[in-house]
Each structure stands twice: as C-alpha cells, then as structure tokens.
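Below is one structure, written out as structure tokens; the observations come after it.
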Ligand SMILES: Nc1ncnc2c1ncn2[C@@H]1O[C@H](COP(=O)(O)OP(=O)(O)OP(=O)(O)O)[C@@H](O)[C@H]1O
Ligand SMILES: Nc1ncnc2c1ncn2[C@@H]1O[C@H](COP(=O)(O)OP(=O)(O)OP(=O)(O)O)[C@@H](O)[C@H]1O
Ligand SMILES: [Mg+2]
Ligand SMILES: [Mg+2]
C-alpha cells in the first residue's frame with residue numbers, strides 16, 4: 001500500500017471523469033447529477049441508499065445506457081459509448097449487480113466469451129483457454145471445474161466467476177457493483193487481495209457496496225450519492241461511518257440492530273431429522289414464538305436449501321416439519337403457507353418478485369385467495385391491501401401499479417417483505433434479508449424483524465453477515481456442510497464461537 | 001363485387017354467372033376441367049369464375065359456397081372434398097335459387113341438382129384392373145396408391161376393384177392400399193415405401209393423377225423401372241415422359257376438359273329451366289352433343305380412355 | 001472433467017442409437033430396407049432435404065428464436081428453381097443452387113430483420129411470414145406447376161444418382177452439416193450464438209452483438225431452406241404451390257428430437273441432423289414393419305414424445321452428476 | 001440524533017395508478033385491435049357488396065366459432081408461457097370419437113360427453129408430460145399433434161360418419177330466433193364469460209399471470225404452478241373436444257382429418273389479439289377481437305372476390321404489423337420522453 005504512486009493530497013490524473021450526468025427512464029429520474037472521478041492506482045468506493053443511482057451510473061459508464069446530459073471523459077477525452085463492447089474496448093471492465101452468465105455454457109467459455117484465444121482458421125484454442133481459466137482461478141484461490149456448465153453453480157460461485165471474468169479483461173478501469181453481496185469472509189478477503197494487487201499495478205477500481213467494514217478495509221476514497229445526485233467525495237481516512245451514513249440518508253441513524261428483549265413463548269416450528277442426500281442431513285431445530293433464530297454458516301453450507309425444503313419448494317427425502325404440532329405436507333409451498341410459514345427467499349429477482357408485475361399484484365400475490373370474496377378478486381381489494389403494507393414498510397414508489405422491476409433493490413426487498421407479512425405468518429424465514437440493502441433500509445428491516453418477533457412471530461433468519469447474526473439472534477444455529485453443528489444461545493454467541501463452528505465439523509452440537 | 005350481376009347476358013333471363021369450385025387450386029386436373037368449363041360458358045355467353053381453397057380440406061369449401069350464396073351467382077359447379085361436409089352449405093345455396101352441379105367427386109344426391117360423372121365406378125375399376133393384369137401376366141402381388149383416405153370416388157373405385165379382382169383374377173393378390181393424400185411428395189415417398197415393403201410386388205395401380213405421376217417419377221429412376229408395372233388415372237402431359245421411357249405402358253383417363261365443359265352446359269340448362277335434374281331430362285351440351293340425366297340425377301360423360309405409346313402424342317392436356 | 005463431456009455428447013448418442021435400432025429392426029424384418037440399391041439410396045436420400053432445413057432451424061433455435069416460415073421458404077425456392085430453368089434456359093444449372101441460397105437468405109433476412117430490429121418474438125413474426133410467403137407462392141404459382149420435363153436432365157439426375165453409393169443430395173447436405181457443425185463449435189461467432197440463446201439479457205449486458213448474430217442466424221436458416229428448395233425440385237421433379245407445406249413442424253420436431261433445447265443455448269446441429277433422419281426413417285420403416293398406414297402418424301407422435309423424454313432423463317442424470325461433482 | 005427511522009419521513013401516500021384511466025384503457029394493444037375491427041367492419045360494410053347483409057354475420061360466426069372456442073383456453077395457456085399445438089388434432093379425435101360412438105348406437109348426448117372426456121384425457125396427457133415430466137410444451141405438443149391426429153385417422157380409416165341425428169346437426173347451424181346470430185354463440189358467450197372471469201377476477205387467474213411473468217417467483221409465493229398448468233391443458237383438451245363436436249355436427253361429417261392445421265390459425269388469432277407469446281400479458285377481450293378481425297377480413301375479402309392466397313398474405317401481414325407496430329410505438333414513445341428530458345431544465349446544482 002505504501003507504494004501507491006501518488007499522494008492522496010496531490011490531485012492524481014483522472015482516468016475516468018463523470019460530471020453532472022443525468023438519466024431518466026420515462027417518468028423515473030434515476031440520476032440528476034452523477035459526478036465521479038476515478039484515479040489511477042486507487043480503489044474508490046461509491047455508496048448511497050438503494051435507488052440512489054449507483055448502478056445506473058455504472059451502466060452509463062459501461063455503455064449500456066446513454067446519458068441524457070452531462071460529461072463523460074476517459075483519459076481526458078470525451079466519450080460517447082453506444083454499446084458495452086465499446087466500453088470494453090476502451091479498457092473498462094464491469095461486474096454488474098445482476099449476474100451476466102450463460103447457464104448452458106461451460107465456466108471457461110463464460111469467462112472468455114467473445115475473446116477466446118484462437119488458432120489457425122480462427123478455431124478456438126480450447127486447451128489454451130482452459131489453461132488460462134485455471135490460472136485465473138489459481139490467482140483468486142478458488143476451485144471451480146472449468147469444464148462444467150455454469151448452470152447449478154451457487155450464487156457465490158457465480159459471483160466469483162464474474163470477478164474472474166472482469167479481472168481477465170486486464171482493464172484499466174474495473175467497476176464492481178456489489179461484488180461481495182454473495183461472498184463469505186474468506187472469499188471476500190481473496191477478492192480484496194486481488195483488488196489491491198490490481199491497484200498497485202496502477203489500475204483504477206470502483207467498488208460499490210453497502211457494507212461499510214469492506215469499504216473502510218479496502219478503499220482509498222469514497223463518494224456518496226443521494227437521490228441521483230452527488231453529495232461528497234473524501235479520502236477514506238478523513239471520514240467515519242456515521243458521517244457517511246448521515247450524508248447518505250440525509251439525517252442520523254442510530255441503532256443498526258435494535259434488538260428488543262421479548263418474552264419467548266411456545267415452540268411454533270419444529271423440524272425433525274430433515275434429510276436430502278447430498279444437500280443436508282438430519283437437520284433438527286425448533287423456533288419459538290417471539291424468538292429470532294439465526295442460521296449462520298459459510299456460503300454454500302446449505303442454509304437456503306433447508307429453508308426452501310421446510311417451506312416446501314424443494315424436496316426432502318425424510319424428516320418432518322410441524323407447525324403448532326401439526327405436520328405439514330412435503331413439497332407444497334401452499335400447504336406451508338396455510339400452516340403459517342412464510343419465506344423471503346435469497347434471490348429477490350428470480351424467486352422473490354414477479355418483476356414485470358405491479359407493486360400491488362406482487363404485494364398481494366401470496367394472499368390472493370384470502371383477498372377474494374366469493375372466489376372473485378378485484379383490483380380495488382388488491383390496491384387496498386397493498387397500500388397498507390407499502391406505507392407500513394415505506395416502499396418508495398409513486399403508484400401502486402408501478403412495475404416492481406423498476407424499483408431499486410431495497411424497495412424491491414420491502415415489497416417481498418410486504419407480500420409475506422400480509423399473509424400474517426406464524427413463522428417467518430428470511431434468507432439474507434438485508435443483502436444489497438442500504439443502511440437506512442437495513443436498520444428498518446432489523447427494526448421490523450424485532451417488532452414482528454415482539455408480536456409473537458417466530459423468525460428464522462439466514463444471514464452471512466456475522467454482525468447481523470450476532471446483533472439480532474436469540475439463538476444461533478450454525479450450519480456446516482448441510483448439518484447443524486452448533487446451537488449457541490445469544491449470551492454465548494461471539495464471532496469466534498460462530499466462526500469456529502462454521503468451519504469445523506467436529507464441534508457437534510448437543 | 002362483380003360476381004353477382006354480370007352473367008345475365010345469355011339465355012332467356014337466367015343468371016348465367018357460373019362459378020367453378022374445384023377441390024383445391026393449383027391442381028392441373030382441375031385446371032384442365034375448369035378450362036373446359038370456361039370455354040363452354042364463353043360459348044353460351046355466361047360469366048365464368050373459379051374460386052377455391054389452397055388445400056383440399058373437407059371444410060375449406062364451405063366458406064366459398066357461403067360467399068357465392070351471398071353474392072347470388074346463378075350456378076355452382078363443384079367437386080366435393082367431402083360428400084357430407086358441404087351438403088348444408090350447398091342446400092342453402094339452392095334455397096337461394098342457385099343451381100348446383102357436382103362433377104368429378106359427388107356429394108350426397110340430395111345436396112345437388114346434378115352430378116356429372118366422368119365414368120362409372122365399374123368402368124374405371126375394370127379398365128385399371130384389366131390393364132394391370134395384362135401387364136403383369138394375370139398373376140402376382142399388386143398394391144394401390146390412392147389419394148386421401150376419405151376420397152369418395154377413389155374409395156368407391158377401390159371397392160369395385162377388389163370385387164372384380166376376386167371374381168376375375170384370383171391369382172392377383174392386392175397386398176396393400178396406401179394414401180398419398182394427392183400430394184406429390186407424400187405419394188412419391190409412399191411409392192418408395194411400397195416397393196421396399198413388398199419386394200415381390202409386380203404392379204401398382206394409382207387411381208389419381210397426382211399419385212400416378214409421382215409413382216412414375218420414382219419408378220423411372222429406381223431399380224424397379226420396367227420390372228414393376230404402373231397404371232391408373234393420369235393426364236397425358238404429366239405421363240408422356242414415362243410412357244416414352246418405358247416406365248409406364250398404359251394408363252387411363254377421361255378428358256377432364258370435356259368433363260368441365262359438360263358440367264357448365266348442365267348448369268346452364270338448369271339455370272334456364274330447360275331441365276330440373278329429373279331422370280330422363282335431356283339437354284344439349286354444345287360440341288359434345290346431347291346428354292340424358294340418369295338415375296340419382298347423374299349424367300355420365302362416357303367411358304374412360306386408355307392412353308399408350310401409340311396414341312399419347314395426339315393429346316395435349 | 002471428461003465424464004461431463006461424455007454425458008453432454010450422450011444427447012446425440014442416444015438419438016443416434018435410436019436411429020440405428022430402427023434401421024436394424026426394419027432390416028431384420030425386410031433386408032431390402034438397407035441392402036437393396038433403392039433401399040440404401042432412399043435411406044440416405046429421403047431425409048437429406050429435411051436435414052438441411054433442420055440444421056438451419058437448429059441454429060435459429062439455439063439463439064432462442066424459432067423460424068416457422070421455413071416450409072414456405074422451401075416451397076418458394078423450389079418453385080423459383082423451376083421457373084429459373086423455364087425462364088432462363090441458357091443458364092448453367094449449377095447456378096440455381098446459388099440463386100436458391102441467396103433467395104432463401106433474403107427471405108431469412110426479412111424474418112431476421114423483423115425479429116432483431118423490431119425486437120419482437122420470432123414465433124409470431126415467422127408465423128406471419130409463414131402465411132405471407134405461402135400466400136405469395138400460391139399467388140405466383142397460381143395453378144401452374146413445374147414438371148420434371150421443365151428441368152434439365154443433369155439437374156434431375158442429381159436428385160437420384162449417387163457417387164460411390166452415396167446420393168449427391170446427401171453429400172451436399174452432409175457437407176453443409178459439417179460446415180455448420182464446425183462453425184458452431186470452433187468459431188467465436190458460433191459460440192456467441194449459444195451465449196445469446198442461453199441468456200439474451202446477459203449477452204446484451206456482456207456486449208455481444210446480439211442483433212447482428214440473430215440476424216445472421218435467420219439468414220443462414222433461410223439460405224439453407226432455400227437450398228433445400230432447390231434440392232426438393234431436383235428430388236421430386238414436380239413443384240406446385242404447396243411444396244414444403246407443413247415442414248416447419250417437421251424441422252422443429254427434428255431439432256427437438258435431436259436434443260436442441262427449445263429455449264435456446266444448448267444442442268447441436270449434429271443432433272438436429274440425426275433427428276431429421278430418425279423422423280423420416282421411422283416414417284419409411286413403419287410400413288415395412290407392417291404398421292398400417294393410418295396409424296403411422298400416431299407412432300411418429302409416440303416416438304417424438306419418447307425422444308424428448310429420453311433427452312430429459314439424460315439431462316436430469318447429467319445435472320445430478322454435476323451436483324455430486326460439486327459436493328465431492 | 002435519536003430520530004427513529006420509523007417516524008422520520010411523513011407517511012407516504014400512494015396513487016392506485018400512475019396514469020389516468022382513459023390512458024390506461026385506450027393506449028393498449030386490445031384497444032387498437034378493437035378499433036381496427038370496427039374500422040374494417042365499417043369499411044367493408046360500405047365498400048363490399050352484400051357484406052352488410054345479416055347473413056354475413058351468420059356465416060362469419062359459424063365459421064369462426066371453432067377458433068373462438070379453442071382460443072379461450074389457448075389464451076390462458078399462452079399467458080402462462082406455454083403453448084398447445086395439439087388442439088386441432090384433439091378436434092379431430094373428438095370428431096372421430098363422436099362419430100364412432102354414434103355409429104355404434106350411442107345417442108349424441110352420451111357420445112358427446114365421452115368425446116369431451118377423451119379431449120380432457122388428451123389434455124391431461126399433454127399436462128402430464130409438461131408438468132410432471134417437465135418437458136417444454138412446444139416440443140410435447142408437436143408430438144401429441146402427431147399422436148392425436150394419428151389416433152383419429154387410425155380409428156376411422158377411410159370412412160366418415162355422417163348419419164347424425166338431424167336435431168343436433170340442425171341445432172349446430174341454427175340461429176337464435178329473430179337474429180342472424182348462430183345459437184352456438186350462446187355456448188361461446190357462456191364459456192367466454194367463464195374464462196374471462198377465471199382469468200381476470202379470480203386468484204387462479206392472478207396465478208396464471210404470475211406464472212407467465214416469473215414462474216419461479218410464483219412458486220415461491222405459493223402458486224401451484226404445475227397444477228395450474230395441468231388444469232389449463234385439461235381445459236384446453238376439453239374445450240377443443242367441445243369445438244370438435246360443434247365442428248362435426250355443423251358439417252355433419254366425422255372424419256379423422258377434420259380441422260387439420262387449425263392450430264396455427266388459433267395461435268395467430270390469439271397473438272393478434274395482444275397476448276404475448278412470452279407469457280404474462282394479454283386478455284380475453286383482445287383475443288375475441290383478434291379472432292373476429294381475421295374472420296371479418298376473410299369474409300369481406302372473399303366477398304370482394306379476393307383469392308385465398310391474398311387473404312393469407314393479409315392475415316400474415318396483419319400479424320407481423322401488429323407486433324412490430326407495438327414495438328415501434330414503444331420506441332417512439334421512449335425517444336419522445338428522452339427528447340423531453342434533454343430539452344428540460346438543466347440538472348440542479350449539487351448541494
Ligand atoms: N431500467 C430502468 N427503468 C426504469 N427505472 C429504472 C431503471 N433502472 C433504474 N431505475 C430507477 O432508477 C433509480 C436508480 O436505480 P439504481 O439501480 O441505479 O440504484 P442503486 O443506487 O444501484 O440501488 P441499489 O443499491 O438498490 O442497487 C431507481 O429509482 C430505479 O427504480
Ligand atoms: N442451483 C443449485 N443446483 C444444485 N445444487 C445447488 C444449487 N445451489 C446450491 N446447491 C447445493 O446446495 C449447497 C448449498 O448452496 P448455497 O450456496 O445456496 O448455500 P447457502 O448456505 O444457502 O449459502 P448462502 O445462502 O449464504 O448463499 C451447495 O453446496 C450446493 O451443493
Ligand atoms: Mg445497484
Ligand atoms: Mg443461500
């Protein structure tokens with residue numbers, strides 16, 4: 001780090017400069033004043049609430065969107081990209097917030113698509129390509145079979161693949177839009193090491209994240225955006241988390257984990273000996289009314305699979321699930337719903353929402369049967385219910401018939417929550433409830449979860465963020481390779497005890 | 001909108017707008033027959049028109065008949081794709097004063113005024129069986145390549161052929177009847193399949209112009225050329241090459257142009273009220289002379305004509 | 001892992017095996033099916049034309065589109081071939097192949113331009129052009145038809161004669177197949193077609209030339225259908241306005257039987273080619289085996305279902321292996 | 001400093017709709033198709049001889065009744081993102097079932113009930129392969145298109161059954177007394193209402209749309225995706241069989257090849273009516289307008305002595321134009337808004 005070419009106080013030459021960029025999608029104004037200056041040999045953080053316009057700014061740089069107004073210069077020359085290919089050729093590599101993988105193609109082909117090494121007659125040199133892929137994985141310290149199709153890769157592996165792809169481009173500007181959202185601690189560390197290496201080679205890196213610990217651990221400079229507009233840029237050493245948060249939200253935010261002590265009641269959910277060969281085995285746990293149970297573990301440990309199986313989306317070979325003592329049929333989300341289970345899934349875009357449908361339809365999808373009168377359902381009934389939940393969760397949208405896909409990530413997550421809270425569940429599974437969500441909203445989600453627990457709901461929270469787990473949970477269940485290896489009460493739960501159980505199978509729980 | 005009013009020129013005030021409705025358009029057999037009809041209509045000063053579906057589907061003719069009814073033509077001359085499906089539409093047309101003549105392929109007798117029969121089923125079956133028997137020496141396996149499975153006249157002929165074979169040629173075995181759907185490619189491929197399925201096959205009868213041409217074309221380039229006999233109903237222009245190169249010795253047909261010509265005159269006679277379609281009615285058919293209505297309102301054109309190497313040069317249709 | 005590679009190939013192997021079984025079973029019943037001159041020739045020849053169309057169709061399906069207008073393109077091009085011989089008698093006959101290719105390519109270009117530029121679903125567009133092209137064909141042909149006598153003997157001979165026991169048409173079709181297979185596997189553009197079909201949105205984000213590639217796929221599909229039309233004229237000798245009608249479903253069926261995923265991204269032109277052979281060989285084999293004419297279509301239906309179920313079983317097995325591989 | 005997030009912003013208010021009702025209703029594919037339908041009707045009535053006569057309506061409705069009926073379940077199926085290519089073959093199968101059973105002495109009522117049952121079973125076969133085995137519907141129904149047609153043709157062979165009870169064949173062609181409207185329209189209207197309510201006003205219908213837009217998200221929300229699709233395919237089979245009965249009685253002829261190729265006409269009409277082939281979009285009203293538009297065009301053009309090939313070209317062109325125009329209009333719309341933004345006031349200065 002000491003050999004960073006320029007001092008931070010002397011203005012370094014900008015590789016990429018954006019000023020007063022404006023962009024609107026129909027009636028939605030995403031950016032009014034996008035301003036950003038990336039310097040060679042520096043890692044620059046871009047933070048802001050959900051919907052602040054970060055991803056939109058990235059997509060303009062990538063050539064995916066064209067700006068409505070403003071200036072965009074690269075190495076001092078004004079540019080006007082009309083396609084992502086042009087940006088790529090100009091030396092800009094982007095990891096988008098959404099994965100851009102081709103599920104049917106092999107891991108190697110995904111990395112080198114469109115620029116495969118070629119031999120005579122333009123024939124793709126598959127051997128060379130595979131060797132390069134292996135070298136890349138070596139550098140990132142991961143092991144993925146380069147010949148397998150990407151279909152079926154875990155979200156974490158998909159993200160790693162995106163990173164490998166971007167790095168292999170050897171670009172002078174590397175933009176990463178929330179690359180760590182799906183990664184575990186070890187993988188994040190490796191990514192950071194690679195990023196620092198690239199910085200030391202003199203490249204400019206833009207890093208977008210909602211995790212401040214990462215921003216402070218990795219970045220040199222931070223730019224804050226709010227409501228589509230630039231707020232400030234400062235060296236990371238000159239700022240603090242509360243300061244950034246204040247700039248992002250426009251006011252102060254106090255507690256992130258407003259855990260309130262609530263009396264814990266009877267067992268609501270009981271899972272016994274749940275087994276699905278190759279995915280999880282002999283999973284048993286209970287969740288009580290008023291209790292927040294966290295499922296912790298490394299990414300890929302199988303926590304989501306357990307939740308999905310309990311909810312009935314995924315199959316399980318043996319075991320039982322009971323709610324209030326009544327067993328629930330396998331493989332039937334609707335039976336689980338009727339019994340009072342709700343699941344906020346980890347993949348919001350695929351599993352959580354019907355993106356092309358309206359806020360109202362999404363918010364009432366799970367309760368469409370109860371909303372119906374004499375078997376008939378009307379827009380008015382849907383709007384009525386949706387309005388209540390949208391305002392309780394403060395969803396940022398002008399109208400209830402807005403397509404959910406056009407909302408920002410955080411607001412989308414609120415709509416998912418609204419959908420499930422409307423079902424009035426007894427047990428709420430939340431899988432990575434704050435992934436890709438800004439601090440303000442995050443605190444709100446946490447407050448909401450506490451409040452719901454206070455109302456007697458049993459909450460099972462899956463989270464890869466240790467502070468969140470420690471801050472929120474009454475009890476931490478640690479999952480390791482598909483088995484529950486520890487059951488740690490709140491009082492004993494520390495970063496060390498949870499991490500130890502998550503990485504060591506022998507720490508068998510009682 | 002010119003179909004309805006143009007044709008009152010000839011005769012004594014009858015509406016001589018006569019429309020031909022073949023099984024489908026783009027079929028050379030019907031092109032020839034309809035051209036005969038056109039010639040007749042021009043002779044007697046009526047208005048000729050031809051409409052039809054592109055594919056010979058059973059229901060496709062109905063909407064055309066309905067349209068003609070709405071337009072109020074004087075007569076419809078139709079070759080039916082299905083004896084029953086177009087019945088009601090035709091009767092509705094007749095209720096509106098339109099005269100209906102079927103030709104080539106009949107409907108039920110109560111749905112039309114007259115049927116112009118190209119040849120009797122007996123006549124056709126006899127000619128074809130006699131021809132094939134002569135060519136294969138009165139013994140051996142034969143097969144039939146027909147039009148579509150529901151084709152009225154082909155099915156009637158095939159039934160008659162079976163009876164006739166059983167009674168007169170006990171040594172000839174009819175091994176299979178296959179359907180080429182009056183489609184070139186299907187008929188072609190079915191011929192190939194027949195030849196492979198029955199290695200002992202001595203002859204093929206194809207009582208449809210599309211089928212016999214496709215079969216001849218397959219045979220002419222195959223190892224079976226000259227070994228497997230082929231006869232049936234074909235047009236001279238389509239079959240000329242194969243007769244000349246020896247693939248086919250003989251085949252039969254009536255003159256389709258005459259068939260259309262006769263049908264047009266029959267329609268005229270009905271429209272002008274000269275006849276009602278009752279048995280025994282007699283009408284004049286231009287160059288073909290005078291015809292008499294037989295039983296069931298059928299008018300017989302004549303016997304089928306056998307074409308071979310010696311006479312095929314005399315014909316062009 | 002080579003195990004995975006083997007499994008991937010199994011999709012084509014399975015269908016090839018089915019073809020071999022059909023041929024073997026039929027030949028046992030009636031040796032002439034394979035061992036007579038005509039039997040051997042027809043086995044190779046009859047499916048060759050559909051194979052060309054199926055190869056083009058496979059390329060389009062791999063990009064997550066579909067071209068329902070191929071049957072109409074075959075018909076138009078077949079008629080054009082005949083008309084060319086009639087109207088331009090001096091023209092050396094090999095040029096008709098070029099004319100057919102270019103003409104088919106142009107019709108494909110119309111489809112492709114509508115799909116790629118107007119960004120509308122291919123199924124709707126090509127259903128529309130299916131009607132339009134066929135309508136133009138009927139209007140142009142009228143009740144005319146091309147007869148064998150309208151075309152040069154050398155050209156027609158191409159439709160039936162062989163080189164070293166292999167029919168010329170089959171040779172042409174196989175050359176096209178090999179070229180397409182090679183291109184799709186070894187060239188960047190070919191791989192990009194797979195990427196586009198696998199996830200069009202990702203392909204766009206990634207910066208692939210989606211519009212251009214989709215357009216090209218349609219042009220190639222049209223050109224191959226055009227070529228098939230020329231071969232149709234050579235093979236069948238007569239062309240009327242209905243030539244090639246209904247082929248769209250055969251071509252899609254052949255591709256699907258051959259393991260080309262209907263939602264794009266996977267499958268090969270080899271599979272589609274084998275699928276075309278299987279489909280038509282079954283058609284020819286059934287009467288030999290003694291299945292009555294009327295029931296043949298039902299048997300074909302059962303076989304199509306069987307083929308896709310088999311493909312599904314193989315795919316499920318493969319993904320199970322992948323999961324195991326990851327967990328080990 | 002201690003302000004709780006909960007109380008900081010004022011409680012939001014939400015409008016139900018971003019746009020006024022007239023805009024939402026008028027600027028849709030369905031409205032455009034209905035408008036076009038009206039225009040074509042008026043133009044034809046004025047310029048084509050005999051078109052304005054009531055008999056036109058009778059013939060027209062008799063002709064399109066089969067397509068109208070089958071289009072109803074097809075709309076729902078396409079909205080879920082699937083397709084059923086086997087419908088016309090089910091018509092054939094139902095026709096043959098009715099014919100053979102009637103010939104064997106069964107009364108039409110009973111034979112018809114069995115035919116509908118056979119149709120439902122055929123639909124269940126499709127549904128089984130699509131939802132239980134998990135195969136793509138396009139591929140499955142290409143297979144059953146051949147299978148069902150093969151069964152139909154195989155069962156009846158060369159024969160056609162024509163001796164149906166006159167009462168029923170007359171009923172199929174009869175008109176509602178005092179109107180030019182065929183009685184079969186009563187059946188259609190009842191079914192149309194049932195399907196419209198099912199699609200637009202029931203939880204089941206909400207599920208149908210959700211499946212078409214995002215089937216995984218629908219599954220995660222408790223929509224029984226497989227069951228919904230299965231039901232739709234069974235309905236499609238049953239309604240196609242019903243259409244087959246009407247078809248058979250109307251033409252008085254039960255044949256294996258009845259209605260060959262009708263599937264493409266049905267799909268063309270449904271797509272013309274504004275249903276997205278990708279699923280999730282479309283409604284029953286638009287589809288009915290789409291079917292009628294194709295029917296009226298065909299009828300008017302035939303009356304004007306336009307040949308069937310030209311009618312086909314026009315139908316195809318209409319289909320292409322209808323989808324292309326939507327996408328062109330959307331493009332123009334985007335352009336205009338983009339231009340408006342650029343001309344708008346400059347971006348506010350940073351604070
Ligand atoms: N394609 C689009 N169409 C319409 N609106 C859009 C589109 N893309 C983004 N928006 C809107 O623009 C605004 C900015 O969105 P953007 O995705 O840039 O936010 P973000 O800062 O990346 O948020 P997050 O942290 O949740 O990813 C949001 O209000 C969003 O709804
Ligand atoms: N799409 C998939 N197909 C097949 N197997 C999968 C798939 N996703 C995950 N698995 C299997 O399930 C296991 C758990 O994966 P996953 O990454 O979802 O775990 P997780 O504990 O839910 O992690 P996180 O929720 O933190 O991302 C993996 O080891 C993998 O074997
Ligand atoms: Mg973002
Ligand atoms: Mg997970």
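Glycine too: its Cβ is placed from the backbone N, Cα and C atoms.
Under the heading transmembrane segment, TrEMBL lists C:15-36 (among others). With a cut-off of 8 Å between Cβ atoms, the residues of this chain six or more beyond the transmembrane segment (C:15-36) that come close are 43, 257-259, 271, 274-275, 277-278, 281-282, 284-285, 288-290, 307, 310-311.
What TrEMBL lists as transmembrane segment is C:43-62 (among others).
Marked as transmembrane segment by TrEMBL: C:68-86 (among others).
What TrEMBL lists as transmembrane segment is C:93-110 (among others).
Sequence annotations record features per position, and here TrEMBL assigns transmembrane segment to C:116-134 (among others). If one looks beyond the transmembrane segment (C:116-134) by at least 6 residues along the same chain, the residues whose Cβ comes under 8 Å of a Cβ in the stretch are 60, 65-69, 71-73, 75-76, 107, 110, 210-212, 214-215, 218, 245, 248.
Look at TrEMBL and you will find C:155-185 (among others) tagged as transmembrane segment.
The annotation transmembrane segment is assigned in TrEMBL to C:214-234 (among others).
For C:255-282 (among others), the entry in TrEMBL reads transmembrane segment.
The transmembrane segment feature in TrEMBL is assigned to C:294-314 (among others).
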Which sequence positions outside the transmembrane segment (C:214-234), separated from its termini by at least 6 residues, show Cβ-Cβ distances below 8 Å to it? 48-50, 52-53, 55-57, 59-60, 62-63, 65, 67, 70, 73-82, 96-97, 99-109, 111-113, 115-116, 146, 151, 155-156, 158-159, 169, 172-173, 176, 180, 189, 193, 196, 243-244
Top partner of the transmembrane segment (C:43-62) among C:68-86, C:93-110, C:155-185, C:294-314 - counted as Cβ pairs under 8 Å: C:155-185
Quick test of the contact rule: Cβ under 8 Å, at least six residues beyond the ends. What residues does that give for the transmembrane segment (C:93-110)? 67, 69, 73, 76-77, 80-81, 84-85, 129, 133, 152, 154-155, 215, 218-230
